[in-house]
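Record features, source Swiss-Prot:
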- Thr9, Phe10, His14, Pro15, Gly16, His17, Asn92: ATP binding site (BINDING)
Amino acid sequence: MTRVVATGTFDILHPGHVLYLSEAGKLGDELYVIVARDSTIKHKRKPLVPENQRLFMVRALKCVDHAMLGSEDDMFKPIREIDPDIITIGFNQHWDEEALQRQLIERGLKAKVVRITKCDTAPYASSRHIREKIKESDC
């Protein structure tokens with residue numbers, strides 16, 4: 001059985017997230033999703049949607065078999081617990097595949113890192129784009 005892990009913030013869940021998770025799920029038999037904790041998100045602005053609500057929405061997706069919040073202390077802790085065969089990263093996630101692969105190997109983890117490519121068929125496939133559209137609207 002091939003276990004696949006996908007990670008992300010999933011703030012303002014949108015079609016791009018669903019496509020990313022769906023493509024990740026096709027790589028194996030079980031898809032585990034690790035949702036970033038509010039307290040660990042440092043590379044962008046604070047999420048609009050609280051972590052428990054983001055987790056609830058990710059769990060509701062048909063393509064997701066298991067979903068959990070990440071660790072506040074050690075980002076590799078849930079990875080060690082799941083022991084996946086594949087770890088996916090999205091086209092716009094800041095990870096360098098080779099550097100992440102090295103970090104996994106250093107920790108005795110054998111998962112292969114796979115970047116999921118961008119899907120241009122979804123018009124609102126970016127949380128940033130959605131925020132910009134909201135700002136432009138008369139709401």
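Every residue, even glycine, has its Cβ placed from backbone N, Cα and C.
Site extent for ATP: the farthest pair of Cα atoms among Thr9, Phe10, His14, Pro15, Gly16, His17, Asn92 sits 14 Å apart. Taking each of the binding-site residues His14, His17 in turn and counting other Cβ atoms within 10 Å of its Cβ gives the largest count for His17. According to DSSP, His14 (ATP binding site) sits in a coil region rather than a helix or strand. With every protein chain in view, the residue among the binding-site residues Thr9, Phe10, Pro15, Gly16, Asn92 whose Cβ has the most Cβ partners within 10 Å turns out to be Phe10.
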